[in-house]
Each structure stands twice: as structure tokens, then as C-alpha cells.
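Take a look at the structure set out below.
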Amino acid sequence: MIKIYNTLTREKEVFTPIEARKVRMYVCGPTVYNYIHIGNARSAIAFDTIRRYFEYRGYEVNYVSNFTDVDDKIIKAAKELKITAPEVAERFIKAFEEDTQALNVQPATLHPRVMDHMPDILAFIEVLIEKGFAYEVAGDVYYRTRKFPNYGKLSHQSIDELEVGASQRTGVEQQLKEDPLDFALWKSAKEDEISWDSPWGKGRPGWHIECSVMATKHLEETIDIHGGGQDLEFPHHENEIAQSEAKTGHTFANYWMHNGYVTIGEDDEKMSKSLGNFITVHEMIQKVDPQILRFFMSTTQYRRPIRYSESTLKEAAANYQKLKNAFENLRFRQADAVASLPEDEHYLAQLNELEQRFITEMDDDFNAANGITVVYELAKMMNQYSEQATVSEPVLVAMDKLFSGWLAIFGLFFKNEELVDAQVDALIEERNQARKDRDFARSDEIRDLLKEQGIVLEDTPQGTRWRRSE
């Protein structure tokens, strides 16, 4: 059974879906005003892996992740780029899709956009006003934080603790509020800013209301899982709970999941645009195979921080190559496999035992770090089996299926390089013939040519194998 660490309770809990074998999951998506950096990509990759594991375990996942296409940062970017806010959003939604596709992140079941939900947002706010949870002042609408009795339950903060911080804020907005703790649901329009008509005058929605509206519209009033980065726990997710539960009277999400940061530098600073210590995915995938970056990001337990450095990335690349070599060794032996061998049942039983161990590790709050350790064990077993003089098709097929299935959970695959492979095979065949003809000069020439292309040859009793160098 799958256990999830629930931020709400600070405990691991057995996952019990609202509807049997189905998962309703909402994850906060990007604010689309720039290219995403690898810290942003952590969330997309973490929840893609979680989604894939649910599917591996037989669940049907309805996965909704939004695009925030209305925001102060987008308005600022529009002014700097001298284009409209919708044009900024469209440009960077496309960039996000290209970057995540390169990282083999599956598109969500639905990617709703704020601009497409204005009538829903207005209706949601009106209900909160009618219930006394919100009020209008000077064209702005604010949420009455103290009216929601359980405010602070997600971040485990009391109203008194929050009040100390809020009382130190200044500005016109603070003067308009009934209480420093109140937060904006609707912001009145400023000159030359994108805006929409509302019962309170022209304006645009606050950040927190958007996710409450889109989650409850597309996944019902109560959802199984709400996820996002740790930095969203407060105030964003806390405010989502207050808004949603005040409107519906029901629990908003049963499980709250938060992924860890990507850190960088000797002080392990959180990677962020505000600190200027970030590397965009767009830049990174020009230098590094996106699959290696995906591997680097996928194989740490999602709640743990990932320390980015040249050395940790190189280590990931080396481990990825070891898995690829094991896969290529296995595929190499398929051509000469026999129909069956007496020891087949022994190997198939070992594979079944490995699969159960993998499931046990991943069922424990999607512990990818422990899960990938089992993948390494399978790779070692594959290498040892491939070295045998005689191998059987049933064992090769079972190993291939298990290995490929596990890699898919982590969003990994080995690129189809059939044309290149065919060229390599042709050169190896020519080299073999040259050796038979005792034309060692040509044999060495072919070996050197392949080496220059990153192809390493290994002459074995079963024939010449090749692999791409690390």
C-alpha cells in the first residue's frame, strides 16, 4: 500500500483515494514570465514521477497543473519586452512546454489558464462575500483571515505568530484592510495594466484565488492530492485552504505534498530567480543530455533537497551511462538467445523478488533514492547474465520488461539510435572480416574511427560488443 507524507499532519499516511483506483491531483504550475530554471523543473519532474508511479501501480490519475498567466511579474515583463501580457504568457507557456518535453515530463491531463477562468473567479469571490468571508474596499476585495477558524493548520502556525509578521507590513494596501492578516482576492486595476470588468470595478484576481477556482472546477470540491514546492506551503497553499473550505464547507485536499528545493553553491542556497543564482533548463539542455538532467532530478526522494554542482551532475551522468550499458549488453544477447534453459525459473524468481522490493521502496512515500538502488541491482544482474555463454529468451525478455518499466517511472528511456547502430554494426562486421583476412591495419583503423565517435569495442567469446563511452 502506498504511504504519503502529508504536510497537513506531518506524518506518513496510507493513501486512501476518494474514488477507488483513481487519483485526483492538482499541482501548482509556473507563473509564465520567463524560462523555468532547474529549481522550477524539480516540481514538474517530482510530480510527473509520482504520477507515473501511481499509474504503474494501476491507478487512473486525473492530473491538473495550471499556468498562472496573470501576475505582477508578467505585467512587468510585458513592459520590459514591449509586448502585451498575454503575449508574454503565450511565449513562456510555449517555452515551458518545450523544456518539459525535453525532460520527458508528460503533459498534465489538463493545463488550465487563469485568463480562461475569469467568470469562475468572480463567482467564487461573490460567494465568499455573501458568506462574510470577504469584503470590498476601494475596488479591492480581501479575505477575512480571522473568520476562518483553522487558518494556519497547514503551515502549523498560530494566528498570534502570523499577526506579529503582518503588523510590520506597511503601504496603502495595509491601510485599506480591516486586518493586517487579510489577503487580496481581487486587485483594482492600475493604469495601463491588463484588467477585467467585475462587480467591484475593473481589476484582476489575486494569486491565491486562481488555484482554488481551477482545482475545484476541474477536480471537484475535495481532491485527493494537492502538491507544489515547499515555498508554496505558506502563504499560497494556506490561503487556498481558507478560500476553498470557506466556500464549499468541505475539506479541500486530503493529502498535501511538497517537493524540496534545488540548492546551489557552498552555502546550499535555494536556487531562485530572486537571488539570481539560477540556471535555466533552456540553457542547461544545450550543454547536457536532457535525460541525464532528468535522471539527476528524479532519483532523490522528492521531499529532500537536491544539491546542484558540476560534480553531482557528472556523477549522475556516470550512473546513467552504467544503466545504459547494462541495457545495451542485454539487447546485444537477444540475437543468440535460446528458447529456454533449466535455470530460467531461478532467474525469474529473482526478478519477481526484485520487483517486490522496488514496490516496497516506492510505496514508502515515493522514495526514489531507495527505488533506484534496486534498479542498480537489476542492472548488475543483467550484466552478469549477459556475460554467460548461453542465455535464454524468456529471461532476457523479463529483464528487459522490468528494467524498461522502472526506467519509465523515472521518465527515462534510451534514445532510438537505430541508424547510428546500423552504421556501427556494419563497421564492426567489416572489421571482423578484416581480422579474418589478417588485414590488421584496416581492423585497427576501424577501431580508431569508432573510438573517435565515442564507440568502445569489447571483443568477447560471444562476439564483438560495443558501447558508447561515458
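Heads up, the Cβ atoms here are built off N, Cα and C, so glycines get one too.
According to its DSSP assignment, HIS236 (Zn(2+) binding site) is helical. The Cβ of HIS236 (Zn(2+) binding site) lies under 8 Å from the Cβ of CYS28, TRP207, HIS208, CYS211, GLY228, each of which sits 6+ residues away along the same chain. Residues annotated as Zn(2+) binding site in Swiss-Prot, with sequence analysis given as evidence: CYS28, CYS211, HIS236, GLU240.
Using a 10 Å Cβ-Cβ cutoff, LYS273 (ATP binding site) registers 16 neighbours. The ATP binding site annotation in Swiss-Prot covers LYS273.
The motif ''HIGH' region' annotation in Swiss-Prot covers 30-40. If you look at the motif ''HIGH' region' (30-40), the same-chain residues 6 or more away from its ends with a CB under 8 A from one of its CBs are 67-69, 71, 73-74, 76-77, 88-89, 91-93, 95-96, 99, 261-262, 270-273, 278-284, 293, 297, 308.
When DSSP labels each residue, the motif ''KMSKS' region' (270-274) comes out as 0 helix, 1 strand, 4 coil, counted as helix, strand and coil in that order. Annotation comment: Swiss-Prot describes 270-274 as motif ''KMSKS' region'.
Residues near GLU240 (Zn(2+) binding site) in space but far in sequence (CB under 8 A, at least 6 apart, same chain), listed by position: HIS208, CYS211, SER212, ALA215, HIS226, PHE252.
Within 10 Å of its Cβ, the residue among the binding-site residues CYS28, CYS211 with the fewest other Cβ atoms is CYS28.
On the 0 to 100 pLDDT scale, the model's mean across the motif ''KMSKS' region' (270-274) is 82.
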